[in-house]
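As annotated by TrEMBL, Fe cation binding site applies to His40, His65, Asp66, His138, His164, Asp197.
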Amino acid sequence: MKEKHLKFNKRKMGIWDCCELLNEYVDESDPDLDEPQIEHLLQTAEALRKDYPNEDWLHLTGLIHDLGKVLLHPAFGEEPQWAVVGDTFPLGCAFDDAIVHSQYFKENPDYSNPLYNSRNGIYTEGCGLDKLVMSWGHDEYMYQVMKFNNSTLPPQALFAIRYHSFYALHQAGAYARFMNDLDREMMPWLLILNKHDLYSKSKVLIDVEEVKPYYLSLIDKYFPKELQW
């Protein structure tokens, strides 16, 4: 998947264009959501804006956190939902029971490979989350897009986007042994994003045209006009 998607040769477009492209999709792994993606993105962003009015970077992080789901689009290879959404988890060490549907890992050859099935596997405690090879998904793709296109969003934003589907860690504390001091410093921002991501979904629809100018100004502040995807 990295080989396929991290060449950034699929399309050139701005952040808002990507939001609109995503509007055709509903995330099948999300039990709370039957609205188009742009509504969910704006609900998350507006909830963060209400609670943290002075952190404009956080509002934009809320807007863009799920843009990696563009991998579902035909222009990006129309990846199946299971390869794009849902929980992410580390590879190369024992699968933790806190991962959703972890009973199915018994079918995975890594489960019985002694290189990968010990508690720490190929890693050492305290090595830092950035040393972990995570399962592929929309989190990692969007993180890599931001890095490749030199977004000026702060490191907290990149961290929160990269690990927002790593539920085994931030809901159950699994794999916390691999965190370093920097990860622990970043984690509160991830939990803030996650809280607003999960609990901002409401039947009150956002007036897209009303809030669009504000978010376009943030996109101009933190991103180039066009990104390579």
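Positions of Cβ are set from backbone N, Cα and C atoms, glycine also.
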Among Asp66, Asp197, the one of these binding-site residues whose Cβ has the fewest neighbouring Cβ atoms within 10 Å: Asp197
Chain-mates of His40, His65, Asp66, His138, His164, Asp197 with C-beta within 8 Å of site centroid, Fe cation: Leu41, Thr44, Lys69, Asp139, Ile161, Ser165
